[in-house]
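S.K.: Below is a structure I'd like to ask you about.
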């Protein structure tokens, strides 16, 4: 810490200078991350007069060091003496906001936005607003892009003359020669519109929005679509038709698929912003076109929004709109050539059943679900199965069960292990919906087969699945159906399968309770302590430690303790270790 003695007080800054000049980037990075400690050591006065000028003048470094510095400075207000001195942080952040690396600039802008809130209105006009102007009229596009993110934070708190200047600067940047600057302005258009007075939204923002939405660069046009949501929420309903809709219609039919994709991606938000009347007249036909788009990415984005779009339609004629306009397009997408489109649709289509009700679901949607359950793409089948609960609420799962079964069996044996894993995770849900008889008859053998899968992750998930099933169907079911099969694996010639028996016992013992664990499971575990494979023996010790708390003290003392003591003097060091650990955890020493 800084002492009274002159040499001592120079120490922190000397160390910092040394470390910042070190060749090792990691050291320089560490010293930047310790800046707040150094500032504390120097005190507020010297932080303002020495540390900040040093940082402003001498830092031309690796991007990650600059990034750390930009982040640190955003939290420096108290270290320079509180809000009245916060403007001292502007020079270093201003230079960071102009560097070439985007990530550093973005972080500097984020810190500037943060500290702008700590400026008083006077300081904002005297110090902060001139900085924004300098950035906005900088020679390099980097400073102009940074300026775009700062207009909205200072606009609400400055005088009307300064407000007019800020609006002018923003207008200029929206028509900048450099696409990167126009892109930055378009990305902040919605945010800036929110802080403007309504008259200026109509007079300034709409013309900028229209210009950006017809920019020659598609990367600018697609950002204007994003701004459209914010602008539409600000305007009164009667102005939307004339001011926003022509541009939105144009975007929905843009020649670039990226712009159409953005419209599809933001569709639900646009729908809420423009209200029911425009949705009915304009957005329904636009949505139909997006669902039939020639680009698969656009169709997939639109397919993803089908359920949300239908939910948000005005209730009085929702069913009629869906049946006549949306459903025909959905039917076509079920047999789309692109698997991503079908997969996106499969993840939401089940949700339509709750909107359309029982009769429509059985007549119109059920054939689509069944078609998707037979799709050649596993993701499509999986997405249908994972959303079965919606349909179960409306029509009950029995209607689907005949087609469901072959689909589940195929997925359960899919060559990709991740697909097998996903279907296992839905098993407890399916079991609950299909009931215990159906499950025992059709799915039980599948669940058992997973226990001997060649991928460990599947065996592990299958073990966990059994535990959830026992919790659902009860201990008696487990005793009759599951436990005998699991215990039978203890004699399997493959040691991995013998170990799976132990993992299952670990998972099931709690759900099955003391009696089944003591009478049926414990003898098998104890017998396996003589296994020839050390991995099995040390897993016996781990299993005994796991099931020990469920057993009564008599079984622990007379049966478990002797076996653990024998394992504790095993020739294999791992077996010894786990046996001793079990003895101490179960307090059997």
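Cβ atoms are placed via backbone N, Cα and C, with glycine included.
Checked TrEMBL, it gives:
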type: DOMAIN; residues: 89-270; note: domain 'Phosphatase 2A Regulatory Subunit A helical'
type: REPEAT; residues: 12-50; note: repeat 'HEAT'
type: REPEAT; residues: 89-127; note: repeat 'HEAT'
type: REPEAT; residues: 166-204; note: repeat 'HEAT'
type: REPEAT; residues: 205-243; note: repeat 'HEAT'
type: REPEAT; residues: 244-282; note: repeat 'HEAT'
type: REPEAT; residues: 283-320; note: repeat 'HEAT'
type: REPEAT; residues: 326-364; note: repeat 'HEAT'
type: REPEAT; residues: 365-403; note: repeat 'HEAT'
type: REPEAT; residues: 404-442; note: repeat 'HEAT'
type: REPEAT; residues: 482-520; note: repeat 'HEAT'
type: REPEAT; residues: 521-559; note: repeat 'HEAT'
type: REPEAT; residues: 560-589; note: repeat 'HEAT'
S.K.: With CB pairs under 8 Å as the measure, which of the listed stretches 205-243, 326-364, 404-442, 521-559, 560-589 comes out on top against the repeat 'HEAT' (283-320)?
M.R.: 326-364
S.K.: The repeat 'HEAT' (404-442): which same-chain residues, six or more beyond its ends, come within Cβ distance under 8 Å?
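M.R.: Apart from its flanks, the repeat 'HEAT' (404-442) reaches 373-374, 378-379, 381-382, 384-386, 388-389, 392, 397, 449-450, 453, 455, 457-458, 461-462, 465, 468-469, 472-473, 477, 481.
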S.K.: Within the repeat 'HEAT' (205-243), how many residues are helix, strand or coil going by DSSP?
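M.R.: Counts, helix then strand then coil: 33 helix, 0 strand, 6 coil.
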S.K.: When the pLDDT values for the repeat 'HEAT' (12-50) are averaged, what is the result?
M.R.: 73
S.K.: By DSSP, what is the split of the repeat 'HEAT' (482-520) into helix, strand and coil residues?
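M.R.: Counting residues per DSSP class in the repeat 'HEAT' (482-520), I get 35 helix, 0 strand, 4 coil.
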